[in-house]
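Worksheet: the structure to be examined is printed underneath.
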Amino acid sequence: MQKRVVILLLDSFGIGASEDAKDFGDLGANTLGNIAKACFNNLADSNDRNGVLKLPNLEGLGLGLSALKAANELPLGFQLKPNLIGAYAYAKELSSAKDTISGHWEMMGAPVLFEWGYFKDKNDSFPKEILDEIMHKTKIKGYLGNCHASGTEIIKDLGEKHLETLYPIFYTSADSVFQIAAHEERFGLDHLYALCEEAFQILEPLKIARVIARPFIGTNRENFKRTANRKDYAIKPHKKLLFETFIEEKQGEVISIGKIADIYAHVGITQKFKAGSLMELCDVTLDQVKNAPNNSLIFTNFVHFDSDYGHRRDVSGYANALEYFDARLKEVLDNLRENDLLILCADHGCDPSFKGTDHTREYIPVLFYHKDLQPAFLGKSETFADIGQSIAYFLGLSPLDYGKNLLNFKGQP
């Protein structure tokens with residue numbers, strides 16, 4: 001029997017502070033719940049949307065009920081008895097961090113049980129010897145930034161100086177990351193990528209999870225804008241991924257859409273598709289759902305929920321993007337094949353109503369749809385790896401070292 005798996009990951013779409021949220025300073029965070037509350041109270045109205053949060057297709061997969069189980073309250077405006085077609089769970093993270101890589105790796109069987117390296121100082125964030133080595137090896141004459149910053153704010157603040165000097169902008173955040181912003185045309189994309197590759201080699205011994213190239217365009221602070229040519233340089237996963245097992249045991253196709261390939265350092269990926277906007281990510285995903293061969297795993301990361309709305313603390317923008325995604329989700333559902341398993345999940349939270357600009361430690365929704373799957377609550381998962389283990393079960397692969405299977409199909413005992 002030819003099967004496919006389609007994973008739609010809404011980057012940062014948490015559904016309530018997890019039991020260890022206090023350890024991360026995230027008590028009270030609830031990405032979905034607080035967006036729904038703002039919408040319900042007309043605090044997220046804009047030219048693009050208004051009123052309660054309307055996500056009928058996600059509700060049908062069990063989103064509201066999953067959030068109810070996770071946070072002990074139904075998101076405002078959601079139905080207690082939706083027309084349920086999906087099976088739903090919620091999951092806590094086993095990994096020691098609340099970043100993109102930890103969440104993604106864990107769900108494919110490689111939880112991060114070690115500590116990443118971090119740059120904790122808000123200013124003068126990077127050790128001088130590291131900066132000196134980067135300058136020496138890449139022949140750059142100087143740099144700007146060297147601090148914690150929002151990526152969109154720092155190009156506003158330092159972009160004009162960057163154009164004068166052509167010094168790259170170095171910055172970080174609460175995540176294990178070293179980010180380099182530079183003008184795509186004046187500094188050059190290839191130059192930026194080469195700089196990031198060199199920085200990645202230098203930083204790898206410090207267990208810095210990612211170096212990210214952040215190209216931008218524009219002529220002044222009023223029109224600087226990041227482009228779609230972001231590139232992530234990630235440490236390779238420390239354990240075998242579900243992808244690799246699928247390729248070895250079933251000769252499967254693993255199709256990355258968006259930044260998935262970069263997150264897994266291109267390990268176990270057989271096809272890659274880039275996309276710039278949320279609309280493009282939806283378009284490419286739908287195209288693959290229609291055309292990808294059987295025996296495929298299609299995996300899309302919808303990054304804009306995190307980068308454009310979560311970190312920027314834009315509640316209305318997040319709500320509008322969710323409603324757009326929900327409408328496009330109907331197209332995906334309508335084009336699934338007989339033996340497709342659809343999974344909808346997240347990798348961490350990033351509550352746009354919360355203090356600061358960082359990720360939030362939250363439970364994630366785990367929503368499944370297959371024509372032979374009984375709509376039901378599947379319980380609380382103690383690790384995101386339950387997602388990968390369920391996929392391994394569905395595809396008939398050797399089990400992962402972490403996680404348990406959540407799926408029980410009609411006709412099974």
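Every residue, even glycine, has its Cβ placed from backbone N, Cα and C.
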Per Swiss-Prot, Asp306, His311 bind Mn(2+) 2; matching candidate in His266, His359: His359
Sparsest-packed among the binding-site residues, when each Cβ's other Cβ atoms within 10 Å are tallied, from His311, His348, His359: His311
Asp347 (Mn(2+) 1 binding site), number of other Cβ atoms within 10 Å: 28
Cα separation, Asp306 (Mn(2+) 2 binding site) to His348 (Mn(2+) 1 binding site) (Å, whole number): 9
Rounded to the nearest Å - Cα separation of His311 (Mn(2+) 2 binding site) and Asp11 (Mn(2+) 1 binding site): 11
